[in-house]
Amino acid sequence: MTTMDPATSNAPEMTFTVLGVLDAALHSSNVAGAVPHIAHDVVRKHTAINGLYIGLEDYMPLILGPRRVPPIACPAANTETSIAILTSVGFGQLTGTHYIEAARALKPDIVIGLADLIIGRPPGVKRRSKMVDRTHAYTQDTLERLYGDSLAESEKASALFFAPILPLDNTQQSLYLEDLEGEFRHRLFGLALYESASLSLVPEGLGSLPRLLLSEPSSPQDLLREISLGADLLAAPFVDAASDSGIALDFSFPAPSSAQHNAAQPLHLGFDLWSSVHTIDTSPLREGCACYACKHHHRAYFHHLLSAKEMSAWALLQIHNHHIIDLFFAGVRDSIQRGSFEEDVEIFNRAYASKIPDRTGQGPRLRGYQLPASAAHQPPRNPKAYGRLDDVVQKLAESESSVATPDTDSEGLEKHGFAEKA
């Protein structure tokens, strides 16, 4: 295995056992070892995806982490020796021992250390100190059991360890950071961060390490901002979200020169294929696009597939959208090498809209991890098919009031000869 030199600062290329990963680069998220909607052979033939982030509930990793990206909030709390995760069989606790055994057995290129994170809400003051203490203990135990001096060279793990940096101020995790700079430094090959604000807070002694950012950017502008702050490897969950929403991405970096002077009408980052304007549109998703989807199909066909809820619609869209994001990162690397990255970012921000179009159609069937966790006061997953008849009673009362009715009872009607037999 060829590894990056920990003493070099943000090396332009990190070479692992199988793949060369350039900086900056995207690592695609996946479900159960596969990119959503795309089979393994299609990934090999028709995409340029060269890295996967795989949570421990999945398999065949290049980058091994304990949680999905983006992470799922779990009802259970983390403990001194384990963290709460969502697996394919429900919520559970992932112990440090199990995680270390998995790292040894799966032999990933990168293993991300366990971190005591609070998902979905800010931690309290007392909880923050506990987060730091637990993460420090997780990291110390993992490093010792994977690369400890008591292990023979053949017993030491081959994976590169990326230490987690908590989404807290440096002062709140100062002791942990000091140990990362000192006692643990010779065993670290990178850092895993969970929000872009942490990129500017990395201590000087750790500044030369590659930075893997596991945040949730919602647009390419967010990716550019994170790269400018120092991120080397990034996640882009908005690509999968766009495919699920029936949106074809349509942007490039640097921005086309024709868009630089038209700031009053910015270019769209994508377009909604659910829209009826594509019903008879036989143009490709993007003019000149070399992806499989654009070479073989047109917008009207995509609109038909989505309307018919054909699974191939999302598979083809995923191929196209990943092709767009691959070209985007290739453009970013070229821009950095030319020394024009900051200028190109400014032009891109002026040329394109600030957000991806909103979803208008219905996406594919929800996967289990996309459903809200079962807990108290959770909204129902689906609207009720049946309910109380109070609204029906009210409607009947209103309809009866508009019909002419006699102001007497049945006996009075009989006296007047109503319903008498002949």
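The backbone N, Cα and C atoms fix where each Cβ goes, glycine too.
No curator has checked TrEMBL annotations; they are predicted automatically.
What you are looking at is a predicted structure, and each value in this text was computed from that prediction instead of being measured.
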Site-mate of Cys289, Cys291, Cys294 for Zn(2+) in TrEMBL, selected among His136, His186, His320, His322: His320
Shell of the Zn(2+) site beyond Cys289, Cys291, Cys294, His320, same chain only (C-beta within 8 angstroms of their C-beta centre): Pro284, Leu285, Arg286, Ala290, Tyr292, Ala293, Lys295, Ile319, His323, Ile324
Cys289 (Zn(2+) binding site) - helix vs strand vs coil (DSSP): coil
Cys291 (Zn(2+) binding site): tally of other CB atoms within 10 A of its CB: 22
Tertiary neighbours of Cys294 (Zn(2+) binding site) (same chain, Cβ under 8 Å, six or more apart): Pro284, Leu285, Arg286, His320
Cβ atoms near His320 (Zn(2+) binding site) (within 10 Å, other residues, all chains): 26
